[in-house]
Structures are given as C-alpha cells and as structure tokens.
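Look at TrEMBL and you will find 84-106, 113-136, 148-167, 187-206, 218-241, 496-522, 528-551, 558-580, 600-619, 631-655 tagged as transmembrane segment. Annotation source TrEMBL lists domain 'SSD' at 84-241. Annotation comment: TrEMBL describes 721-754 as region 'Disordered'. Residues annotated as compositional bias 'Basic and acidic residues' in TrEMBL: 731-747.
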Amino acid sequence: MYKTKIFLGTTVGGVDIKGHVVDKATAIRLFYYLRDDETGKSNLWLEQFQKVFSKYLTEDKTLQVSYFTSLSRQQEFEDNSKKVIPLFSITYFLAIFFSIISCLRFDCVRNKAWVATFGVLSAGLAVLSAFGMLLYCGRPFSMTVANAPFLILGIGVDDMFIMISCWQQTKVHDSVADRLAETYKEAAVSITITTLTDVLAFYIGIMTPFRSVQSFCLYTGTAVLFCYLYNITFFGAFLALNGKREKGNRHWLMCMKVEQNCPAGHSKGYSVCCVGGAYDANTGCEKEQPVSVFFKRYYGPFLTNTWTKVFVVLLYGGYLASSIYGCLQLQEGVDLRNLAYDGSYVVNYYDDEDAYFSEYGPRVMVVVTEQVEYWNKEVRQEIESCLKVLEKHLYVDASLSVSWLRVYENVSRLLNINLDNETVFKDNLKFILPTFKQDISISNDDIIASRFFIQTTNINTPIKEKNMVNELREDVKNCVVPVLVYHPAFIFFDQYVVIVSNTIQNIAVATAVMLVIALLLIPNPLCSLWVTFAIGSVIVGVVGFMAFWSVNLDSISMINLVICIGFSVDFSAHISYVFVSNSKCDVNEKVVDTLYTLGYPIVQGAVSTILGVIVLAAAESYIFRTFFKIMFLVILFGAVHGLIFLPVFLTFFGVCSMTGEVTSKKQSDVKDNESRNCIDGADHKESRYALTFTNHGLEQDDRAGPAAVDGRDVVISNAFGHPVTTSSHSMKSDPYKQKASDMHADGQLDPDCS
C-alpha cells in the first residue's frame, strides 16, 4: 500500500545478487530495540544477554556469531583500566630497582639506597594525594587517567636524581643545613622550571573540548604539582636526615659508626662493608661517579670537536627532514576497535561489521526538533526541500531515504485525504503510525518532533567521515524548518572536525607559555629561545615518527602530545640553565662542565621514565600501547636534544652569559689555560674583581698593593654583585671560584684574567 522499498543493506551482508534477486548471503545482522523509558530493566536485560550469549558461544561452535550492545563500549573502556592495574606493581618495582642500583655506592656511608627508595615513595604519595583530592571534590575519573601514575613516577624520579646530583657536589664537611641549602640553590630553579612547564602544559590541555583529555590533564597536572611539593618537602627532609647520617659517618643500613680508613690487616670485603665516608680531598665533595667522569673526560670533549659538530648538524638535518615528512603522512581518526582491549568480543563484532557491512555508512537521522505545522503545505515543502538538498551529497544514496511524511502523502493521494487540514492530518495518522511510531513523537495530540533517515554510502575513511558530517551540518543551517542531523557515531566523527585545530592550538599556547617561563627563569633571552626551539623540534619529531609507528592523530594521541609539550622542555631547560650559570668564557668548556653536571642525571631520568612506561608496551589495550609509544619518543628525542643537539647548538653564535652578554671564543684573547676561570671577556675591564683580604681586620683593594694570601679568606665580588667567599688553599679545587694559580704571589689578580 505504501509502495516503499525495504532496505536490507545494514542487516544482510556478503550478498551475491543475480539480477534483482539475492542469491546468497554470508552474514545476517539482527537488531533488538529496548525501551529508553525503562533504563533499569533495559540494562538488566543487556547484562543477562551478555552472560547467556557469551556462555552459548563457548558451547555451540556451529555458527560464528559476534555481538555488541549499547553498554559494550563503556564496559570495555572500564575493563581497559582494570587490566592495566597489575602493571602498576611491576612499574614501581622496576623504578625502585633502577633508582637503588643508580644510587648504590661501594662506600657504606655515601650509599644512597634509602634516598632512592624514598624518592620513588614521594612520587607515589603525590599520585595518591592528587587523585584522592580530586575524587573527593567529585571530579570525573576517565579511563585515560590510568596512564598518569606511570608518568608521575618518571617525573618524580627525574627530579630526585637532579637533587641527589646537586647534593653530591656540596662540601661533605659543611653542615647539613648548608649542604641542603646549596642543593636547593642549584636544583630548585631547574626543578621549578620543569614543574611549571609540565603543570601549565597539562592545565592548558584542559581547554580542549574532549572530556577524556580534560580529565587526564586535570589529574596529571595536579599530580605533578603534588610531586613537586613532596620533592621539596618530604624528599628534602629525608635527604637532610640522610645527610646527618653521613655527617656522623654511619653505616647506610645499620646506622652504626664506621671507620673512615681501613685498619691494617683487614680484607677488601671488610673495607667495602665496614669502612666508609671517603671524599675527594681536592674538592671536598663526594667522589665523582664513573659516568660523570665519562661525560667530562671523554664525551664532552668529543662532542665539542669541530668535526663532531659538523656531523651533529647533518644528523639534525636528517632528523628534521624525516620528522617533517612523517608529519605530512600522519593520519587522522580513531579505529573503534582500539577502544576495547585485545581479544574482546567487541573487536570480533567490528571485524565482522567491516567485512560484511562496510559498503553502507551510518543511517543518519534528520530530526525536526520543534513543533511545526505539518498540515501546512509550505512547511511540508520546506521539509522536502531540505531533505532533497541532503540527498544530493556524494556520500548519500537518495533512493534509500526513509520519510514518514512522503509515505503519508502517498497514502493521502491513494485515499483522497486532504492533508492541508489540521484535524484531518492528525486523525489519519493512524494509517502510518504503526509503521513509523518510532519516528513521530506525539504528546497531547500534537507532533512535538519527528525524524527522517538518509543512508550514507562508502564512508570508509576518517576524512570522508569528517567531510560528511561537516557538509550535512552546514546544509541544515540553511533549512527554514529547525532541523539537525544526528547519528551515535557522530561523537567519534566530531573529534576529526576539531582534533587538528585543537592540537595546534594547545601546542602553540603551551609553547608560548614555555617561552615566557624560560625568559623569566633563565637569565638570558638567547638561551630561552634555544629552549623554545628544542620544544618545537621535539614536538615535530614526535608527531612525525608517530606516523612511522602507525599511530593516528586522535583524542588518545592528543593527550600524549600535551605530555610532549611539558616533557620536551625538561632536559633542554636543565641544560640551558646550567650552561648559562657557568662562569667560564670558552663555550666548549661550558658545554663540557654542563654535561659533567647533568649528563648522568639526564640519563638516569630518561631511563627511569622509560622504565616507568615500558610495561605498557605489553598492555592488551591500544590506548596504553599508544601512551608508551609516544612517551618513548618524547623521552628519546628529549634526551637526544639535551645531550647532543642543544649542547652543540649552544656553542654557536657565542656564549649565553648570565648578564645576557654574548661573547665567543674568538672574541676572547685569553689563553686557553687562563680563560677557564674568567667570568667575562678579557677586553671588559669593568668586570675586574674587587678583592678584599680579611685577616685580623685588614682590608685591601686589589689595586692597593701586595698582600699575602696564604691561609687567609678571600671575598670576591664578581661582576654581578654576588660575593664569592673562598680561601687560598681551596681555590684550586673549585671551578666556579678564582684559582690561586691566577693570582700573583702579592695577592693581585693576573691581568689576563681580570
């Protein structure tokens, strides 16, 4: 009677057609619709269906059946986070093990095993505090937040290594308070810079419209903040307690006092277990670590070699070219299979759907959202006109559209019904209402809303899905009647519309904020620009190599790119700040000193962070594996920039000095062995030191004549107005103070270093 076609494209798949007859079908899909007004009963039915059906599939192998419910995606999402929980214990074990191994010493007093353990504990407390506070405040916890503990562990351990490294460079005979103050003086700025950049990068990510990204950024940013607070309080306090133990020359495990020198006649084993407290007599600090010595004596000089620099520049050119090419190949979109864990029944359903029902895309609803006068002929014409515009699209098959209004008009012509009369229109709806009761919403005898369907075809790529959504929405804006287009899959298609623009926006804003922070905390604009350059370079590399590693740009990878912004600044900020703070003139020597100070901590931080996420490579979920892939790229490229590219680039265009003055080796006429101890160029006479020799109240300017210096304290006011106090017998051992060899016997500075 209605003269309508029945569309079977979404229910019968893998068909062979002979003429106009379906000869064979490989797959059949059945839909069961539940009532929305009885959610409790519907959910109970779905849960029982899953239990019964999954049991049936294990018992009966005669049919290959896959299934999916409206609860499946959410349940699989939640199961993802449950399956990754056992990996937490493995991660923390690896982190504690690596931290302890890195901090082990053959000296039973200088051993830092307990310090490393409490450093990892500090990161764990930060996660508990942040998550507990936000959950108490009622903030939603999405599955993506389960990545955060792995990340926070890496950040906390990285900061711990920086603080331990600075502690080891303090004088062992100084008081614990002085050692801790010196440690905070050297480490606090670097840690503060990286914390600010990380926290701001995550909080900027809250601007994104994706709820999962918002939740992840809020939880992770807050956890980073707590990690910082615990590092400078809880961990710092334990570092002081450990310092008191070392001050008393007590054993790291038994806390018993031990001999500093091995008594005669005792074995090597006794010396290792029961003798400790050794230090470098020349520097007064703890003995150098072998890895630090490697960076100072071998790697640093090798990296500053002219031919090595040429090779590094060429290597960077290849890295940049590969990264840009990868960026151009990057694909957008999320595969819905990736939202479930491997082996899930949902994955089987999506596989079958692609195999047998991929020819036809979403059956899109065209919804009239307001109450209109359907009995008005002009209104009906406007609705029809709107539908025809939508049906003209390349992605729409007009012959498969379903319109209850078209059917009603066909019926009215057959039965000679006048639809222009309101009463007649409403009274005769009974002829079509049984068939279209799901498409017409009636309340108090009025049609308050209705819907029509258009069938899309060949929507098999994210780009086509994005274009289809954009074009349909743009067309309905021009409809006179209030209309919207909708399909449940649009929630995924929508991310394609904004993912690129939002990603670029977040990266641009975060990079600008990083530059501001660098300018405020790194006392040289040029070096601040180098830090910003390193951020951009790492981001380009990560995005480019994402394409090579089969990672698409979607909301999941967008989260990780937000992480990239924060982490890419960590290593470069540490390197740049220490480089700027170094007082030497020669750029190559500044780089060697910087690598000596930070090379080992950077390696430790990079390895510990990778260990923190490496277990996710074995996760059964694409989400967590993607997190590992991008974090691995971020840490790898960040470390490469910090240890290879940036040190070489900092030697170009001169020296980044504390005052912002730029000098190069060619501009300095000082001799190599004398330039190591100059704070400014030899040509700048205004940078001369004012020396005050204090002994029994005697004070003398360096230009006032000879003065004996042996055994006397020397107060040096440098060009920046900061007093540096030392003594003549310790000058040789401190690279940041004027050497005694650079003074004449009469107490005056060598002219070449003045």
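Using the three backbone atoms N, Cα and C, a Cβ is placed for every residue, glycine included.
Contact between the transmembrane segment (558-580) and the transmembrane segment (84-106) is not supported, since fewer than 3 Cβ pairs fall under 8 Å when only residues 6 or more apart in sequence are counted. By the count of Cβ pairs under 8 Å, the stretch nearest in packing to the transmembrane segment (148-167) among 187-206, 218-241, 600-619 is 600-619. Here the transmembrane segment (218-241) sits apart from the transmembrane segment (600-619); fewer than 3 CB pairs are under 8 Å, leaving out pairs fewer than 6 apart in sequence. Proximity of the transmembrane segment (600-619) to the transmembrane segment (528-551) is not established, fewer than 3 Cβ-Cβ distances being under 8 Å for residue pairs spaced 6 or more apart. Distant neighbours of the transmembrane segment (631-655): 150-151, 154, 303-304, 308-309, 312-313, 315-316, 526-527, 530, 533-534, 537-538, 541-542, 545-546, 549, 560, 563-564, 567-568, 570-572, 574-576, 579, 585, 587-588, 590-591, 594-595, 598-599, 602-603, 606, 609-610, 613-614, 662-664, 667; these residues of the same chain sit at least 6 beyond its ends, with a Cβ under 8 Å from one of its Cβ atoms. Along the domain 'SSD' (84-241), the predicted structure has mean pLDDT 88.
Same-chain residues lying 6+ beyond the ends of the transmembrane segment (187-206) with a Cβ under 8 Å from its Cβ atoms: 155, 158-159, 162-163, 165-166, 213-214, 216-218, 220-221, 224-225, 227-228, 231-232, 506, 509-510, 513-514, 517-518, 521-522, 559, 562-563, 565-567, 569-570, 573-574, 577-578.
Of the ranges 113-136, 496-522, 528-551, the one with the most Cβ pairs under 8 Å to the transmembrane segment (84-106) is 113-136. Beyond the ends of the transmembrane segment (113-136), by six or more residues, the same chain brings 92, 95-96, 99-100, 102-104, 145, 148-149, 152-153, 155-157, 160, 164, 218-219, 222-227, 229-231, 234-235, 238-239, 242, 252-253 to within a C-beta distance below 8 angstroms of the stretch. Listed by sequence, the residues of this chain that lie at least six past the ends of the transmembrane segment (496-522) yet keep a Cβ under 8 A from its Cβ atoms are 189, 192-193, 196-197, 200-201, 204-205, 207-210, 332-333, 462-463, 465-466, 469-470, 528-529, 531-532, 535-536, 539, 553-555, 558, 561-562, 565-566, 569, 573, 576-577, 580.
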